[in-house]
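Taken from TrEMBL, the feature transmembrane segment covers 42-67, 88-108, 128-145, 157-178, 198-222.
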């Protein structure tokens, strides 16, 4: 039996994301006042994705509790739709985008923090909030994957969806540069057009890889769980 029910964990995670978003939006930074506001940063978009995803998880748990034993086919049909939406969001957005944000941020930060998170930001963003945006996303999404089985969409439709998101965000970053003359991320100022194309192409490929990683990890976790349960059910030899 789990020490903390997964339903309680989801509520706690949702509340933590709401707190992070509220604290982040309350910060008065110059970049928040420019074209695109917070929405030009993938970190903020990811926080919204994670908050919406865990909101759907909590709503699914509540719906499941209310429909349990009711025998109402319409309610059960609506519940299945919610579960399908929850699973789709984890597969296509919450897992790949969340892992991408965490891994890319800390890799670039370790190489040269000025390229991704200038020291000047320490005057605006406290350390705990930085970790809330760029670190805790990883354990939270892994906890969700471990506590609940998620049905992935067909591989072709899933990859198409994550490619659409990736290309859409790249076009958005380019549009912000077109309007303001400045790149959203400082390191893009220091590389040439060819290098930017390679970088954008590589990030799209990485997003696809992370989608496949999530699918493999999800199958591994629940195939292993199923095998363990089958082993327990086998009659013991006298």
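Including glycine, each Cβ sits where the backbone N, Cα and C put it.
Long-range Cβ contacts of the transmembrane segment (42-67) within its own chain (Cβ-Cβ under 8 Å, at least 6 residues beyond either end) map to 7, 10-11, 13-14, 17-18, 20-21, 24, 75-76, 78-79, 82-83, 85-86, 89-90, 93-94, 97-98, 100-101, 105, 133-134, 137, 140-141, 144, 148, 169.
Within its own chain, the transmembrane segment (88-108) has Cβ neighbours under 8 Å at 42-43, 45-46, 49-50, 52-53, 56, 115-117, 134-135, 137-138, 140-141, 144-145, 150, 152-153, 158, 161-162, 165, 187, 203, 206-207, 210-211, 213-215, 218, counting only residues six or more beyond its boundaries. Panel annotation: around the transmembrane segment (157-178), residues 35-36, 40, 42, 45, 91-93, 96-97, 184-185, 188, 200, 203-204, 207-208, 211-212, 215 of the same chain, lying at least six beyond its termini, place a Cβ under 8 Å from a Cβ of the stretch.
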